[in-house]
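Report on the structure given below.
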Amino acid sequence: MNSILTINNLTKKFGYLTAVKDLSFTINKGNVYGILGPNGSGKSTTLGIVLNVVNKTSGSFKWFDGNVSTHDALKKVGAIIERPNFYPYMTATQNLKLVCKIKGVDYAKIDEKLEIVGLLDRKDSTFKTYSLGMKQRLAIASALLNDPEILILDEPTNGLDPQGIHQIREIIKQIATKGTTILLASHLLDEVEKVCSHVIVLRKGVKLYSGRVDEMISSHGFFELKSNQNEKLIELLHNHPSFDKVVVTPDLITAFLKEPMKSEDFNSFLFDKNIILTHLVQRKESLEEQFLQLTDNQ
Amino acid sequence: MLRLLSLELQKLLLNRTSKILIFISFILPFFVILLSSLKINVFGFFTLELGELGVFNFPIIWHLTTFFASQFKFFFAIVVVSMIGNEYSNKTIKQNLIDGLSKKEFILSKFYTIVFFSLISTVLICLISLCIGLYYSSYTEFSIVLKGTEFLVAYFVKLMGFFSLCLFFGMLAKRSAFALAFLFILFIIEWIVFGLLAWQFNANVAEKTQNFFPLKSMYKLIDQPFQRIAMSKFPDKSNLVYDYAAHGYEMIIVLCWTGLFIFLSYRLLKKRDL
């Protein structure tokens, strides 16, 4: 698989504070990656380093095959960091022309990309007249100008209203379906869960996990149960070899699986034991639950 | 190089404030010089015509016009300082780097712009001096016209040096107002050091040392021309000899400062986390 970005033992210290500690991971072509972590976990610092705006303390990173300088590699990358940064007195078109000059891209791309983010009818308004949502969409248009090999988004929905968030996510999904590699940093777990196939979890600058989203913790899911004979059911669950832990709340029994089990098999097993279920749901932990487990365990 | 220059020119010329300031810093001095060359009737009492005083004679006109025009450099200095300050306050410096501009290219694009405007200003002042001179001067022989054109070189070097200093202060302070304050502080510091040296040693040593300071060395390139004009009226007063020439070594000092300021700006940007 083609690697786009390789990070090896990257460390960044701000004085006594270590923002990123000995971080290594690889971004491969064609996947959608999420960098997940609470505020201050080193997501933005890591992106800042690979984007040439923050100096690393030690370690190394390389773009593509490592034969191009960082600033030349960045011409093939599209990136948005935190807030959209443009010249307030220039119109959208003028701002994008400037980016074209920097990246060495043809001006013809400008209208095409403004169309994608739905700003074509406002292209001659100055940037300062834009709403935050429009600014963020302009930033995405700007990042797409060079048809990038990888799109890096740092908290792209930060501070947006629900419509704005929805619009940005739709655009991201649209881009992802075209096969563009995406690296999305966020502390919003459902955001990552909705769009990402791979995830890198950071806490206090240390990597806790990297890999596929669905393999984040080795879990076989759990059943949520209600029945007419709760005491008998709980006793049965405790003695059943497939179950690890049973959590009982007044209105719900949650049984965590140790090994795979189908819900129909479980249901017929209980039926044989004369327990009738009034409620049966089998599901896996959401990313949020997995994430909290992961960050609590270590 | 043209790519970097066109980048910066787009940033400047689309901004109304900097457009006005550029206009003022280039057009105003020429307008003033042009106006002063006209015959002015002061309320009918007497006519003031500077041309009659011989100030527009070659070669002294080169000295006079460059001296006056360089007083207006402060307007463009504001532009230089704000073009750095705006990049920081809009965070566009960060975006430029992310978009694939290297830190070296960023500084170079600013420096090319400085050179570009210094050059334009020098060419303009050359043209206007030539026109006024050819109109008023008593001597228009080619050799005399060419004499004193070293002031044009000095003018160019002076502008470039001063704007590079502004660029450096802009990078250092990140904010326009603070950078201008730094400029003023540097001016005061230079005089304090001068005072200390004069007190510790003597005025001669102090003055010689002061000629190496950034602001003073830039000022020294084109000394004030009034004494020279006065002297030209009294050729017999040879004891008032004053060194007004634009010397080569003075230019070298300023060029060294220019190089140093650009280099320091680059180092500062390279070391800094944005």
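Numbers here mean position along the shown chain, with the first residue as 1.
Including glycine, each Cβ sits where the backbone N, Cα and C put it.
Automatic prediction, not curation, is the source of TrEMBL annotations.
On a predicted model such as this, the values are computed, not experimentally measured, just so you know.
According to TrEMBL, the features are:
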- B:20-40: transmembrane segment (TRANSMEM)
- B:60-84: transmembrane segment (TRANSMEM)
- B:111-136: transmembrane segment (TRANSMEM)
- B:151-170: transmembrane segment (TRANSMEM)
- B:177-199: transmembrane segment (TRANSMEM)
- B:251-269: transmembrane segment (TRANSMEM)
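Among the stretches B:20-40, B:60-84, B:151-170, B:177-199, the one making the largest number of Cβ pairs under 8 Å with the transmembrane segment (B:251-269) is B:151-170. Remote same-chain partners of the transmembrane segment (B:60-84), defined as residues 6 or more beyond its termini with a Cβ less than 8 Å from a stretch Cβ, comprise 8, 11-12, 17-18, 21-22, 24-26, 28-30, 32-33, 54, 110, 113-114, 117, 121, 125, 128-129, 132-133, 136-137, 148-149, 151-152, 154-155, 158-159, 162-163, 166-167, 169-171, 174, 176, 179-180, 183, 222-225, 228-229, 232, 244.
For the transmembrane segment (B:151-170), same-chain residues at least 6 beyond its ends with a Cβ under 8 Å from one of its own Cβ atoms are 62-63, 66, 69-70, 73, 76-77, 80-85, 107, 110-111, 114-115, 117-119, 121-122, 125-126, 176, 179-180, 182-183, 186, 214-215, 217-218, 221-222, 246, 250-251, 254-255, 257-258, 261-262, 264-265, 268. Sequence-remote contacts of a segment are chain residues at least 6 beyond its ends whose Cβ falls under 8 Å from one of its Cβ atoms, and for the transmembrane segment (B:20-40) they are 12-13, 47-51, 56, 65, 68-69, 71-76, 78-79, 117, 120-121, 124-125, 128-129, 132, 135-136.
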